[in-house]
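Inspection log for the structure reproduced underneath, given as structure tokens.
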Amino acid sequence: MRFLRFLPSSKIALVLIPFLLSGCGEQYLLFNTAGPVAKIERNLILTTFVLTAIVVIPVIALMFYIIRRFRDEPNNSAPYRPEWSQSHKLEFFVWGIPVLIICVLGILTVRDTFRLVRPTTSMNGAPLTIQVTSLDWKWLFQYPDQKIATVNYCEIPTNRPVRFILTSDAPMNSFWVPQLGGQEYTMPGMAMRLWLQADKPGNYFGSGANFSGREYAHMKFNVVAKPESDFQQWIKQTKSTAPALTMDGYKNLVQQSVVDKQTYSSFPPGVFEQNIKSEGGMYMKHELKEATD
Amino acid sequence: MIYGADVSIVLVTIAILFVLTYYKKWGWLWREWLTTVDHKKIGIMYLIAAILMLFRGGVDALLMRTQLIQPNMHFLKAQHYNEIFTTHGTLMILFMAMPFIFAVFNVAVPLQIGARDVAFPYLNAISFWLFFFAAMLLNLSFVIGGSPDAGWMSYPPLSDLPFDMGPGENYYILALQITGIGSIATGINFFVTILKMRAPGMTLMRLPLFCWSVLGACILIIVAFPALTAALALLLIDRIAGGHFFTMLAGGNPMMYINLFWVWGHPEVYIVVLPAFGVFSEVVATFSRKRIFGYTSMVASIMVITVISYLVWAHHFFTMGAGPGVNSFFAVASMIIAIPTGVKVFTWLFTMYAGRVRVPAPMLWTLGFIPNFAIGGATGVMLAAAPADYQYHNSYFLIAHFHQVLIGGTVYGMIAGMYYWWPKMFGHRLNERLAKHAFWWFNIGFYVCFMPQYFLGYMGMTRRIFTYSPGMGWATWNLISSIGAYMMGIGFILIAADIIYSAFYGERDTTGDIWDGRTLEWSLPSPAPHYNFAVIPQVNDRDAWWESKQQRLEGKEVTALQYKSPLRPIHMPKSSGRPFVLSVCFFVAGFGLVFNWYILGILGFLGVGLCLILRSFEFDTDYYIPIDEVQHTEKAYGRLLHGEQ
Ligand code: HEM
Ligand SMILES: [Cu+2]
Ligand SMILES: [Cu+2]
């Protein structure tokens with residue numbers, strides 16, 4: 001029964017996948033969700049997993065069964081029909097089952113795709129806007145309404161949709177906070193939008209996801225979610241204690257370097273919009289307006 | 001380490017030069033190989049080159065996996081790591097997978113359709129040498145000037161000035177551009193070959209499935225590669241002539257590059273996997289001793305894949321700000337590809353059903369492929385669900401997916417094809433025991449290496465990081481993954497050992513039909529004479545050779561495969577050194593442009609132009625093999641011919 005030697009590798013895989021997908025272990029960030037966006041995405045992930053498993057598992061099982069049943073051994077009593085090569089009934093199922101599954105998946109996917117364009121929960125009060133700029137090799141967060149800025153971390157209030165507006169003053173990157181929801185690219189001269197929301201307080205891992213040069217691996221940041229009152233407190237404290245980010249300071253940040261977390265009580269007004277315009281955004285006035293207001 | 005590599009390259013080169021000189025083999029090498037236009041020899045050269053590149057790319061992979069064994073490793077520096085993953089990806093797709101499929105195209109297609117050569121033999125040689133010298137150009141970057149380091153997709157603005165000044169990126173652009181010319185030519189060549197050179201009686205619906213898959217791949221090559229050519233040409237203009245096609249400055253747009261790249265890039269993955277599907281179809285039928293199940297479904301699915309795979313490219317950048325309408329379209333289109341793919345898997349299974357399944361090496365790799373592809377296809381569908389892809393994109397989940405389909409599909413397929421047609425190429429088979437060991441090391445290593453990467457994706461690990469910190473929980477899975485990579489390395493070494501061992505001790509094939517095959521190539525001696533068929537066969541059925549064997553068994557007169565006409569002198573193309581010289585000129589031109597040495601570049605292009613002009617004044621390009629010689633050769637093979645009985 002040499003064919004049984006197929007088993008170990010694929011069996012381990014099959015046993016492990018559902019076990020790990022059940023979300024035990026908080027290091028599986030995609031399942032350890034902390035907000036509505038990530039939850040929708042996780043549910044879609046689980047649905048697609050189950051629906052595809054409906055094909056994958058029988059295919060693998062069938063394969064082992066067939067090899068075993070129809071081995072070319074002298075005393076094998078299984079039927080041998082060398083000319084049998086057509087069966088409309090079988091072919092109907094062969095096409096039909098995948099078609100059905102893909103229909104279901106397609107509908108769910110389209111539904112969720114449209115769902116994530118807007119904030120996923122109704123807003124009480126205005127959303128928080130944070131302007132994110134990927135730099136070589138750090139992340140700059142500006143709060144246009146609060147007029148403060150941070151580097152390599154940002155704080156957000158819980159239970160309030162956050163509108164991230166993304167751009168880059170360096171090669172493009174991608175802004176990703178797995179526990180809050182999926183990523184979106186940051187591109188020079190463009191402003192992209194990503195809605196995220198945290199339901200519970202916590203310190204969430206974020207990173208740049210698109211390769212952007214030598215020290216790209218160090219482009220990590222934290223998103224700290226805390227209750228609204230604590231968040232307001234933090235703003236107040238930042239405004240009174242942190243230093244200001246000057247134009248020179250910004251130009252310094254743009255240089256290639258790896259830096260630690262930083263906090264600023266203010267930033268040069270318009271530096272975000274200015275950067276987009278000067279990186280080529282002036283050729284895309286319409287898109288720029290749409291994305292930034 | 002770079003110096004070590006440099007020294008070893010020099011030493012190997014000197015050793016090769018020495019051996020060639022010592023055994024006075026220069027003339028032989030030039031006459032028999034460098035100037036050949038014989039598709040079988042060109043196929044063998046493609047094969048050797050592909051295996052060498054697989055080795056180089058594999059070493060890259062092991063270096064990367066070693067760096068990632070532990071958090072905060074100090075094995076490779078960031079810059080070094082970036083260069084390695086860039087060359088790894090580029091080499092594997094363009095200089096391993098592509099020549100590997102071209103190897104089986106060349107080895108099998110003309111023989112399967114009963115032709116004496118491809119439609120354009122001379123162009124075929126040019127294609128090979130362009131690929132070969134492009135590969136040399138890219139590999140040279142490792143020794144002179146520095147390798148590309150912006151990823152195998154080389155997105156601007158990272159790959160544009162001023163973020164990437166060095167010559168590495170130029171090497172990338174020029175090497176891809178040169179090999180791309182060769183690939184387009186091969187696509188056209190085999191497209192025409194399959195449509196125009198089939199033996200009489202071989203209608204399209206009697207065409208072996210491998211040839212159908214090659215036809216699909218060729219259509220994709222012809223429509224997809226020009227997009228890459230355009231993207232690279234514009235990027236080159238950006239880089240050496242100060243253009244702004246792909247920077248937002250002066251009104252350019254990097255999205256343009258990304259679109260063009262994936263308009264080629266997505267079909268490209270099907271270009272390399274379709275021929276693998278074809279190989280599996282041949283292998284499954286042969287080793288189940290049974291007709292392929294659902295031939296029409298198979299043909300339909302190949303064609304559906306060919307068309308749809310051209311329409312899904314934007315799924316590689318769902319997260320670049322397209323609206324929900326666009327994302328929905330590309331998500332659903334991508335998922336639809338899974339339907340014909342699923343159909344194929346079922347069809348292979350039903351082919352084995354009610355057959356008699358033998359499992360020698362080619363079949364082993366085919367069976368190993370099925371679970372791989374079932375899982376890889378499923379994760380493909382999971383990725384295609386756009387909102388889910390917001391989480392997977394650029395993560396290790398993606399890495400696991402595409403290695404599962406590219407290795408589990410293309411590489412398994414090409415290795416299966418290599419074992420399958422090896423006797424046809426060399427007249428001996430590869431050793432089964434070594435082949436089995438190689439397979440199990442590789443296959444188990446594969447799961448050990450790539451399954452953990454799905455989990456790493458779920459843990460939020462992004463691709464292309466050269467280091468990570470402890471505390472994320474990534475260390476264990478990374479360690480396991482690296483161990484798997486080494487196991488695959490052992491598998492590769494065993495394959496190489498098998499090749500060398502069998503060259504001396506491998507079982508010789510005197511029948512020409514060592515597997516009890518079904519298609520025309522098995523009706524020929526192994527290796528086939530250089531004119532392939534002494535008389536072009538008349539085909540009356542699918543699986544023509546199998547049918548003729550059945551009729552002979554039943555004692556009937558063999559009508560399925562008749563040599564209708566008597567022997568005639570055989571018209572063959574002459575060998576030529578010019579494809580080689582032409583490609584050297586391209587190499588020189590490319591090398592010049594890499595370093596902005598325009599004089600060298602112009603000299604190279606002048607050489608190219610001169611070769612083309614000389615060719616157009618050449619009239620004495622073919623010759624006839626006289627009947628005597630054909631008769632003599634056929635007798636030596638122990639084959640009596642209808643015409644002279
Ligand atoms: C069953 C059908 C398949 C579907 C639905 C599918 C879907 C996808 C999707 C949506 C992506 C993009 C993921 C992302 O970048 O976030 C992707 C990436 C990729 N797929 Fe597939 N795929 C399928 C089969 C294949 C096959 C057969 C191959 C190769 C032979 C392949 C090779 C790749 C590669 C190389 C990438 C990543 C390229 C890169 O970013 O470097 N896929 N696939
Ligand atoms: Cu794709
Ligand atoms: Cu964009």
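Just so you know, glycine gets a Cβ as well, placed from its N, Cα and C.
Annotated features in TrEMBL:
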DOMAIN    B:22-540  domain 'Cytochrome oxidase subunit I profile'
TRANSMEM  B:6-23  transmembrane segment
TRANSMEM  B:44-64  transmembrane segment
TRANSMEM  B:121-144  transmembrane segment
TRANSMEM  B:171-195  transmembrane segment
TRANSMEM  B:207-237  transmembrane segment
TRANSMEM  B:257-280  transmembrane segment
TRANSMEM  B:292-313  transmembrane segment
TRANSMEM  B:363-386  transmembrane segment
TRANSMEM  B:398-422  transmembrane segment
TRANSMEM  B:434-455  transmembrane segment
TRANSMEM  B:475-501  transmembrane segment
TRANSMEM  B:580-600  transmembrane segment
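Below 8 angstroms of C-beta separation, residues 2, 5-6, 9, 35-39, 42, 45-46, 49, 53, 56, 87, 90-91, 95, 98-99, 102, 106, 167-168, 171-172, 174-179, 181-183, 185-186, 188-189, 573, 576, 579-580, 582-584, 586-587, 590-591, 594, 615, 621 of the same chain, each at least six residues beyond the ends of the transmembrane segment (B:121-144), sit close to that stretch. Counting Cβ pairs under 8 Å to the transmembrane segment (B:398-422), the top-ranked stretch among B:6-23, B:44-64, B:207-237, B:257-280, B:434-455 is B:257-280. Sequence-distant contacts of the transmembrane segment (B:6-23) (same chain, six or more residues past either end, CB-CB distance under 8 Å): 29, 143. If you look at the transmembrane segment (B:475-501), the same-chain residues 6 or more away from its ends with a CB under 8 A from one of its CBs are 51, 54-55, 58, 61-62, 65-66, 68-71, 415, 430-431, 434-435, 437-450, 452-453, 455-456, 459, 468.
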